[in-house]
Amino acid sequence: MSDLNKLTIVQAYEGLKKKEFSSVELTKACLKQIKKRNQDLNAFISVFEEEALEEAKEADKKIKAGKQEMLTGIPFCVKDAICTKDRLSTAAAKILDNYIPSFDATVIAKIREQGAVLIGKNNCDAFGHGASNENSMYGPVKNPHDLTCVAGGSSGGTAAAVADHMCIFGIGEDTGGSIRQPASLCGIVGLRPSYGRNSRYGSMPMASSMDTVGPLTKTVEDAAIVEEIIAGHDVLDATTVNEKVAKFSKSLSKLSKKLRIGVPKEYFELEGTEEETKNIIESKIAELKKNKNIEIVEISLPMTKYAIPVYYIVVPSEDSSNLGRIDGIRYGVRKEAGNLYDTYAKTRAQGFPEEVKRRIMIGTYALSAGYYDAYYRKAQKVRTLIIQDFDKVFAEVDLIVTPTSPFSAFKIGEKKDDVLAMYLADVFVCPANVAGLPAISVPAGKTKAGLPVGLHIIGPRLGEEKVFQLAQLVIPTAPGAGRDPF
Amino acid sequence: MYLMKLSVKEIEKIATLARLELSEPEKQMYADQLSVVLDYIEMLNDVDTSGVIETCQVTGLEDVVREDKAQEASEEIKNKLIASFPEKMGKLLKVKAVFDDQT
């Protein structure tokens, strides 16, 4: 069988079960694609060829013994800002250029317990700071659909790797759109779960009150499968909720009642939204409207325009505090200097890229004496109003639909020096983070230039099941084999 | 609050607090960029938040506790942690003196 790397999780599971191919063959197919394409895409910081083939052999033994689980023998990749045991985890910053964690993040441990094959670690914006992957100290990731364009960020390498069939699925991290926006720009599915649904343990902290870990996949069904495996309470993350995790993949086509879907008018009036993106999303919504089980209503989220300014106070503040521990003292790359202060300052100056330093400074300023009330506390109050906005709307509708990104993939370098323009790339995705809501991006179409456009579905807190059900309606068919399924 | 233009001197103070060494061109660049960002953030002042309680977390969880019990790490993990020290003396982590008058 050729092109095994193009399979979905479901297809790979079936093939392994029927012994049509082995995990070693599947892993080799992915490694072959990485060898062929990574020099162009720069989607991986590390590729674990030898170790992956060892893991694949173990998985084949497990399958042979009749102990196959859903992810056994399936190659996956992980954003480099998530810790993986005995595997380099740099967060795409030189300060962690030599950091090898002694543990797996809880989410990764759950996947590896099933015998999935960790094929490599993905390039990303350093410590998750960015929307274009240009903030990596290992170079930008290129979009598989157009090598002159960005892959999105911060989980851009993971999105590019999955879209380009370098692995079967990937795990990313989303604080303000970092899973959904690159998924949209690369034409795949990306889920940000409700805050507290998946353990954050071992995901390098950025903004602790908004960070989430989630899957990037080729189909909605695959995303549902991964999510039901990685979700759940974790004693190592006190913010995880002890709620039962539904079998999302089993209820994808089981809409129990008519769905009322809200379309926020503010999101479509926003200046700077690309015309083609708007048209694709609007025609997708018109298509959904024809379904007799779906009712589309216009809604209003007036506080939504404040989500970005709230985000850019809360996130840098929590960032500056979290990144205080990244100082080259106990691990990482230390730059020795005459005294302790200079050692800290030089280590951090050389080990962090520009955007990380920018956020650390915004946060340090916002939290410093005299400014805390004016910035951080004020932002946290507006955050309450944004949540109330969503609560009001979710009393009326089941789900909210918006574009994922105001524009399709832009040229590398185009927005790099315009800090605010880059921050606004997350305008549709970051309100879900501010409010802790689950949201998914699914491919909705392509621009004339052939660049993917994603549709964004936001659900109420812990409402992943309905989010998946609507997502499945948007792209109902599993993609067949092909370099570009969408 | 009024529009605030950060000076290079203020950037130096922030960088000192944040333990970041900056070059002269970097100081100017961050002064300009942080001013733009802070100016943008000012729009939050349009929102009336009197009587609004701030959101510090969204889960609704309260008082998450566990038994205060140390968990012993295995020798293997201890050795890995020690191996990742940037500088060491035997099994000890070597760092610069915290106080200037000592070496």
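Backbone N, Cα and C atoms are what each Cβ position is placed from, and that goes for glycine too.
According to TrEMBL, the feature domain 'Amidase' maps to A:25-467.
A strand conformation is recorded for A:Lys79 (active site, charge relay system) in the three-state DSSP classification. When Cβ atoms from all protein chains are considered, those within 10 Å of A:Lys79 (active site, charge relay system) total 35, not counting its own. Under the heading active site, charge relay system, TrEMBL lists A:Lys79 (among others).
For A:Ser154 (active site, charge relay system), the number of other Cβ atoms no farther than 10 Å from its own Cβ, over all displayed protein chains, is 36. Here TrEMBL flags A:Ser154 (among others) as active site, charge relay system.
Taken from TrEMBL, the feature active site, acyl-ester intermediate covers A:Ser178. Around the Cβ of A:Ser178 (active site, acyl-ester intermediate), the number of neighbouring Cβ atoms within 10 Å comes to 37.
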* **Mean of the pLDDT scores, which run from 0 to 100, over the domain 'Amidase' (A:25-467)** => 95
* Structure fact -> Spacing of the two Cα atoms, A:Ser178 (active site, acyl-ester intermediate) and A:Ser154 (active site, charge relay system), in whole angstrom, works out to 5
* Asked: Just the number: how many Å between the Cα atoms of A:Ser154 (active site, charge relay system) and A:Lys79 (active site, charge relay system)?
  -> 9
